[in-house]
Amino acid sequence: MEKLSWNENCESRHLYLISVLKDLPALVLISVGSALAAITDPFRDDMVAVFGETTGSLAFRELHRIMSNDPEGRQILRDRPRINTSTLDLDYLRQLPKETFGHAYYRFLADNNVTPDSRLAVQFVDDPELAYVAQRYREVHDLIHTLLEMPTHMLGEVTVKWVEAIHTKMPMCSTGALFGAVRLRPKQRRDYVSSHLPWALRVGYNAKNLMCVYYEKHWEMPLLELQHSLNIEPFPRKQSMREHLPSSQKAGLVA
């Protein structure tokens, strides 16, 4: 069977949604409903995803512009790489030297018992170019965790969400950062205020836009060297990514 191109896949998947997207009351209802569901239960990845798509149109357009104006971002838009187990050689990543970004990503997946196949397909973005930007954001989330060396518990997710909110301007990221912080335990809240939030804001405003990083071309690069090249400062009292909660307790907060 002939494999459909990204554009063809988008067209076939989105045709039935066009009437919904053009119906403002329906779109508002979907956005509000998904937002309430995501805030009530941040483990509902499907609702977080819908909220991100239905409220992110302006952000996706701006991200597309930013990527188009960046050499590495332009190459990503041109190549349209996907991140899943059919495109990644996980055994190759496992065998890379431990200090490399690729091995760190493999370790992140293994330690947290997650798979790159868990990211849902974009449904509510009818422009193929913007749909790819939305899909790319979704698929690099775990790579951003790896790059920032943030664990997957609520404090780590909120920290990553602040960086993503600054870089993507997506309402879903800002909402996740704000409401996620409310759910922090007392000790986590103290760490959040004293170290995590200030660091996330500095990284967000000083680092290269993380949507313009062609992660797949940096597997063999030492993680510290990659961080330095992107102007990401080391995290104070850095936590290991192995300091994570069981997978059953992971926060959603991911589109």
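Keep in mind that glycine also has a Cβ here, set from the backbone N, Cα and C atoms.
Quick caveat, the model's predicted, so the values are computed rather than measured.
Marked as Zn(2+) binding site by TrEMBL: His141, Asp142, His145, Glu157. The C-beta environment of Asp142 (Zn(2+) binding site), restricted to residues of the same chain at least 6 apart in sequence and closer than 8 Å, consists of Tyr105, Phe108, Leu109, Val114, Pro116.
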For this session: Please work out which residue of His141, His145 has the most C-beta neighbours within 10 angstroms of its C-beta, and give that one of the binding-site residues.
Result: His145
